[in-house]
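When I checked TrEMBL for this same protein, it listed these features:
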DISULFID  64-128  disulfide bond
DISULFID  77-138  disulfide bond
DISULFID  108-118  disulfide bond
DISULFID  281-345  disulfide bond
DISULFID  294-355  disulfide bond
DISULFID  325-335  disulfide bond
DISULFID  396-460  disulfide bond
DISULFID  442-452  disulfide bond
DOMAIN    38-139  domain 'SRCR'
DOMAIN    166-214  domain 'SRCR'
DOMAIN    256-356  domain 'SRCR'
DOMAIN    366-474  domain 'SRCR'
SIGNAL    1-25  signal peptide
């Protein structure tokens, strides 16, 4: 048992791990030369600024501000993964550090690739105090290929308790997941110890449950036996807009959600105001505020609070800034915060969280085989056979897409999906040959593959392991969204002469009735609009097929890198399609980029195609096939729907924002669009109202 002062220390450390003030926050990042490490620490700060701390000879320390210059800051910011420094600070602006002062009188030229190549007094040789600790402010632009996140997390001290677990009370509970009740055990020195129940309260229980990802607790008698009010995850899979997986508990509301994360319980924080979702700015973002978010979406506490849009940038409004929670609020909206103006914050400062989640053991029933690395391979499931024996089997590749691959990568804890493969003949075969699952169709937010829709009886068109499903996982993924307001602003009708539409007809961009027209006389009525597609993810969007597989079209003189890139549909109010169009990626390239982002893709001269993170591809309204042929459509009220990457050919971190919808009023001569929005930007109630909207009344057309 842990008793007396040691027990007090344990309780203090447990509580500190959750409620410590953010003045102890820090960012850790490995150096590129692998010999020393660097991090930013201190408070108040953002992810790209802080006290510089160096890990050398097994110990963290600081740098003295004597002789410090902007050139020094440039070198240190590059160590931290930023392109350059904006400024530096002296006299412990971000608070004094602890431990050694590793470097003093540092003098760099600014072009060095390591701080070790700068002039200094040598490691550990200093006459400074920590009141002279130097800090830097780095330009918020990452070095290409530097994938390490800037994480603001709590650091208590070197004695911080890192491990805690529940030991089931009996063998009957041992195989159950999650373990929800049992005796508390803490990692102590080289083993595990118990905690004395003297003075134990429900507050202590809540801290322990929160550390393991559970939202609440109850104590059984006076013994340190823990349980939770955690509901079965599978019962609430239908909770709307939770892109990172089904979450549940009594605190769950529809006021906050997580987007863009690869794993359950992580993502960009989005909050609901009125009927529209928006993001949170990362100014003063810390673990207290992140823990409020985690409890609100169904978990106990936050593991990390991330800044700098590390889970991708949002596209809607930014509602909150300088959020400063105590940590015990029921909702993020209950925390003190400032309202946002356009000058205060940009989406590159969107806040994110990683929550502590209960261990569910989902990865034990699935595995990858035959791949070149642990991130890829043929998917094999451990399922019960007819005789009740559990054995490994294959998944049929028919209809397999990156959306199903997304679920498998999440279940295995391997991040985002990079590809979903329908054939795996080029990977080494195993002794597993039986298909045990077919017809798999996932929404993308399921926690396990067997939670997805699938055949009750296996039916696979192509037999053999070479036609089983495979995946490739990745740390990052792209995320495409359409600029909905631009569609609304640019819509119009054009009566285009048939003699100008021969190429469009060859590309199948006209309605079927065009084949019976009196070519080249007459015209087709086209609903036209501009389409601006942004990549707000963390990886470039690239066509699934390489250039060797692209198809040259002589009429428009361009290569098709994807068969279908976008669907354009005009729907009746009951959802029936009355007209449609499509867009092959005639030229998938970086038309424009945000400030500081370089273009990488250009279609000219058989160039590479794609959309860089932070860039967008613009299909202007006057480009061929950027339309819907509505020649046969009668006047009335409709819904315009645009779907990007409709067949899930290319993996993304979030498919729920790939569709855009608008109310459309057509009077036979003119057209109006209203309420254009992404498919996940409205609340569930507002989306229902949109679907039953009787038509636009403000344009005075009956």
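Backbone N, Cα and C define each Cβ position, glycine as well.
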Taking only the disulfide-bonded residues 335, 355, 396, which one has a CA atom nearest to the CA atom of residue 77 (disulfide bond)?
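Nearest in space to residue 77 (disulfide bond), counting only the disulfide-bonded residues, is 355.
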Among 281, 325, 396, 442, these being the disulfide-bonded residues, pick the one whose CA is nearest to that of residue 294 (disulfide bond).
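For residue 294 (disulfide bond), the closest Cα among 281, 325, 396, 442 is found at 325.
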Which residues, sitting 6 or more apart from residue 355 (disulfide bond) on the same chain, put a CB under 8 Å from its CB?
213, 265, 266, 290, 293, 294, 297, 299, 300, 301, 302, 303
Across the domain 'SRCR' (166-214), what is the average pLDDT of the model, as a whole number?
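Summing pLDDT over the domain 'SRCR' (166-214) and dividing by its length gives 78.
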Which whole-number value in Å describes the distance between the Cα atoms of residue 325 (disulfide bond) and residue 281 (disulfide bond)?
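Approximately 14 Å lies between the Cα of residue 325 (disulfide bond) and that of residue 281 (disulfide bond).
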Same chain only, sequence gap of 6 or more: which residues have a CB within under 8 Å of the CB of residue 108 (disulfide bond)?
69, 71, 72, 74, 75, 115, 117, 118, 119
Any chance you could find the range in 38-139, 256-356, 366-474 with the most Cβ pairs under 8 Å to the domain 'SRCR' (166-214)?
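The stretch with the most close Cβ contacts to the domain 'SRCR' (166-214) is 256-356.
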Counting Cβ atoms within 10 Å of each candidate's own Cβ, which of the disulfide-bonded residues 77, 118, 294, 335 comes out highest?
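Its Cβ has the most other Cβ atoms within 10 Å: 294.
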How big is the Cα-to-Cα gap, in Å, between residue 335 (disulfide bond) and residue 396 (disulfide bond)?
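Spelling it out, the Cα of residue 335 (disulfide bond) and the Cα of residue 396 (disulfide bond) are 49 Å apart.
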In whole Å, how far is residue 128 (disulfide bond) from residue 452 (disulfide bond) when you measure between their Cα atoms?
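Computed Cα spacing between residue 452 (disulfide bond) and residue 128 (disulfide bond) is 61 Å.
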Near residue 460 (disulfide bond), which residues of its own chain have a C-beta under 8 A away, given they sit six or more steps off in sequence?
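Long-range Cβ contacts: 396, 397, 398, 435, 438, 467.
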For a quick check of understanding: among the disulfide-bonded residues 128, 396, which residue's Cβ has the most other Cβ atoms within 10 Å?
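Top count of Cβ atoms within 10 Å goes to 396.
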